[in-house]
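Engineer: Feature annotation from TrEMBL assigns domain 'NADH:quinone oxidoreductase/Mrp antiporter transmembrane' to 3-62. The transmembrane segment annotation in TrEMBL covers 52-73, 94-115.
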Amino acid sequence: SFFINKGMMTFMPSMSMMWFMFCSCNMASPPSLNLLGEIMILNSLISWSSKLIFFLFILSFFGAVYSLYMFCYTQHGEFYSGFYSFSYGFVREYLMLIMHWLPLNIFFISVDLFIL
């Protein structure tokens, strides 16, 4: 599936932007709910055992590197030549992506709903 999606930035730049927005939310970049979750998990695990600091930061770093690698590998490079027909995407597909991305970032504003 990575080979089929390779080089999509040349054909679908708007979809590439949506992929980047979702991958950046997965990397816990602000404003995203994943950032709040990682901060809370890191805070609780470090207060449990301070020896975990290095290990947790390495795990967070590799999670972010993997998301960035996944975005770069699928969006850049040579386009898969096995496609015989290609659609540039419909408005409903972009609307569906925005309707998934927007609540993810709106929930970050109302953080008090998630903290006990």
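Every residue gets a Cβ built from N, Cα and C, even glycine.
Map these features onto the structure and tell me what's around them.
Structural biologist: With a cut-off of 8 Å between Cβ atoms, the residues of this chain six or more beyond the transmembrane segment (52-73) that come close are 2, 6, 19-20, 23-24, 26-28, 38, 42, 45-46.
Nonlocal intrachain contacts for the transmembrane segment (94-115), taken as residues 6+ away from its ends with a CB within less than 8 angstroms of a stretch CB, comprise 14-15, 18, 21-22, 25, 30-33, 35-36, 40.
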